[in-house]
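Chemist: The disulfide bond feature in TrEMBL is assigned to Cys629-Cys639, Cys633-Cys650. Look at TrEMBL and you will find 625-664 tagged as domain 'EGF-like'. TrEMBL lists 848-928 with the feature domain 'HYR'. Annotated transmembrane segment per TrEMBL: 569-592, 599-621, in sequence order.
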Amino acid sequence: MFLVIDRTFSFPGLALDWQSRQLYFTNEGMSSPGLDGARYSWRRLERISLDKTWRKTVTTDIKRPQGIALDLTESALFYVDSNKVFKSLLDGSDAKVILEKGLHDANGLSFDGGKLYVIDSIQRNGTSSAQLMMYEVSTEEWTPLKLSNNVSLPTSLAVQGDSLYYTDWPSADAKTGSIKSFNIRFGVDNTLILSGSQPSGLHYSPLARRKKDSVDDPCSKSSCSEGCTNSLGSSTTCFCPDQTARVLSDDQATCTRPTNFLLVADLNTIKMLSLDPNTQSRPHTLYYGSGDTNIIALTFDAATDTLYWSDVPKQSIYTSQLSPFKPRLLYKANHYIEGMAFDTTKRRLFWTGYSRNGSGVIVRFHPFRDRGSYTELIKGLYNPKTLLLYPARKMMFWTQYQNKGKPACVTRAKLNGREKRRLPLTGLFWPNALAIHKNTLFIADGSGQIIATDFDGKGQRSLPYLKGASDHFFGMVVMDTVLLLTKWFHGSLHMVDRVTGQWDVLAANFHRPATIVLHHPTNLTEKNQCSSRGSECEGSCIPVPRSFHCTCPVGFRIDEDGRSCIQQVVVVVVVVVVVVVVVVVVVVVVVIVVVALKVVVVVVVLVIIIIIITINIVIPWEVTDDTLCEERCTDKAYCSQLIPLLKFQCVCKAGYEGNGIHCSECGADYYKPLLGNASCVQCPLGSSTQGITTASRCICNKPDHVIENGACLVPTTTSMTPTLTTESGRGRDLTSNWGELSTQLTEDDSDVTAVSVSAPPHFENCPHGDTMLMRLPETSDRVWLTINWTARDAKGASLSIIPNVTMSGNKIAIPWVANGPKGQQTVRFVATDSDGKTAICQFHVLVEDFVSPKFKTCPHNIKRKTALIGEPISWQIPEAVDNIPEPTVTASHQPKSEFSIGTTHVTYTAMDSAGNRAVCTFNVTLIFEQPCKLPDLNNGRFVCGSSSRDICHILCSQGYILNPLGLFRRTFSCMIPADVDNLITTMKKQEPCLYMRRPKIAHQEMSLSFKGPCLPEDNGLKTILQDK
């Protein structure tokens, strides 16, 4: 039997399911080279019915497929990928590795009698002869079976009973080969059966036995509406065939057309991804192209249910309705087409095209008319890429890559091609996709950034929560509160919540996902899962396609469960000092006194209870990575996020006020306790910042007073001491309203073009011309890039490749130089064939460092008791380490610095060459304590030395002075009892510290003496003195 499968390229693995009448095969190929010479490989494992009525992709998560085998008894599929053996169910689900190491060039795979056989040629390392491995399914154990040493290159395998058959070639480039047998029971090898020219693809089929077998097919009794696959035991799984617009519903049996869906151009296929919550989310193949197909441009007309796409190397546009899906050629152009959009108002198709020399045009075409409707609206472009129409404003936008010294750009024009205007945007590298939402133009750039601007190119900004994504964004759609993106190198489709910043992987294992098209007629603001499941959110519910996300009010963040809200707080410790009079009545004494003496004896005890209460003050700002802020923050501000919103901006530090861009010191006796752009506040009455101009708190002038309710009071009730410790608390009564956002569809495309390659040697899988964005790991100043490309000559033989960077094994090392464009490095591989002809694989790598330094140690909070005004404090200097050597460390205080009474925050900041920083903070607290017993002093305190030989003196609080009558000595020794007794006696009569103010009434006494006659009752002298 010969089965010709349309749109296949190469299938090294084949296996027949004779019960269900379907064929499993591996399919692989490579796209035609684009204008830059790049070629992209694709690989997948598929199955098809023998009558060709349906076809289905089993898996695309496969790198180098080789052999396939089926265990129909246990409904298991075995396949070899990159010299690893995998086992899965027949539909490709539940795949797991059963043999990970030991194989070098495994080609043949066969199953029989509960045993799996794998033959390995060891062609790649050439260190030993071929080997045969047997896997016992029941015990899950591998056993090696030795082949003879003269087996060279076995390529396929078939088993029946004790007989094993395999093909063998003398070498990879030999023109002849043979089929041999091996007796498994006795180990007899090398029996020649047949010689010929490179035989391959063995399969043993005991048809006579199978005709006698009575097979009870479970699928004959299944409820599947279309496709059915046998599963474990007598169970079945349903599937919907590819090349239709129907996907499996949540009843796991019915195939249905999704109402809301995404269409993805994936190299030589078009995938459909249902966005209905009651359907399967797995990508569904809508269209299979040929082996060298390269689909970039894609657009959809919802009014006629018609899909349009371009095949770049064929310079052709194809079309089909989704139901039924029957592709046909619409237009054969003379240029390569990478951008396409449909005008829904006037039913016209627009596209961008360019020739081999890069000269490009923008074309308008009526698909419902003849070829005479073809019109080139704009000419003289260079390699135009994606195209976006905005019929509501009669505008169109398109992108162009950098060329001939001109930067990449986005251009706007009217739909008739007039009033062309280039938008004044900066920082573009590879603008791959365009989208419009609420009069905002979004540009997805291959450098890993999304830029938003108005239609005139003003107000340009980058979406901060996408910075550092380190991937080549290609396709993009903006819908309500979500952003849908394809990652070119990762082969994945992502959904980013523009409210919460949450990333979700919608699908993976694409080959090269390019343009995406969204069709979502359902209004998410009216019909969504928040209405049925929104109560699971403690805060607010944000509807997204297929699901929902939870968010919280400002000052709260979402917990790890994705539902609860936790509070961003600063803990304020409140010390409550309660004086309680406890009346203790001694029962025995009371009885005796009452009965005998009739005197009640009461013991009164004063008990001081200190109650510590924590009060949580909400702080909505959280310090984050500097790269997330549009402006570079000064040393007086931090780049911060307004939790939980995706709002990033520079915010003034505690002790500074301003707008975040310009921050100034609070000044003396003004303070700001928290991070934010609030204004500084004057210190409460009776307190000050003690001369500090960047204070985060005030200190009462009286040592025994504390700030309470905005004033300095005696701490008989409460005192408050703020700390820098953060803590999380549950939020309650959380409410938040989110505005409705509208949906705007978009079409976009990429940069892959096509010309023929003339050089005999060539690279496979080379990212030629691309720029890879990579992040440094936490433990190294360089990245290691795995080499998954190879060079071959015209005959397909592998060539040695020589890089311009350090190479070890199959990896190259690229050191970090700098963040941003200055850090871009060129990597170049050269391969030379036997004729001296060379092939070059050249690309750029931008290694960026977002790893913050780390402190190996950070001192704990330091507390000291002292009888002095201040005291020098020492600690071990914290050491910072980083993946980039020698980070710069700065400190707010140095060891042995003089610290005053109270708590002082010490901060060490480590910053590396990339601007990443880490902070080490701790508190130094000096607690005043007398060295000896002295009486209580109002409006001041005694300050004594640290040893018995040092003297004491009286220090009055601000606004008070030492009693001027000379009753108190300024200095004395508290260790001399007589001095202390005199002090106590004097303090009973006078206060040492008096309030400094001008008296209302002054009384002065004086005496006067002079020489002269003394005349009794002489009033003349009195008169003279009074006149004086």
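Each residue's number is its place along the chain shown, starting with 1.
Every residue gets a Cβ built from N, Cα and C, even glycine.
For the listed features, I'd like the structural context: burial, neighbours, distances.
Modeler: Applying an 8 A CB threshold to same-chain residues 6+ apart, the list for Cys629 (disulfide bond) reads Pro464, Cys639, Phe648, Gln649, Cys650.
In sequence order, Asp626, Cys639, Cys650, Gly660 are the residues of the chain that are 6 or more apart from Cys633 (disulfide bond) and have a CB within less than 8 Å of its CB.
Break the domain 'EGF-like' (625-664) down by DSSP state and the numbers are 3 helix, 16 strand, 21 coil.
DSSP assignment over the domain 'HYR' (848-928) gives 0 helix, 44 strand, 37 coil.
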Chemist: Enter the number of other CB atoms within 10 angstroms of the CB of Cys639 (disulfide bond).
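Modeler: The answer is 21 other Cβ atoms.
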Chemist: For the domain 'HYR' (848-928), what's the model's average pLDDT?
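Modeler: Within the domain 'HYR' (848-928), the model's average pLDDT equals 86.
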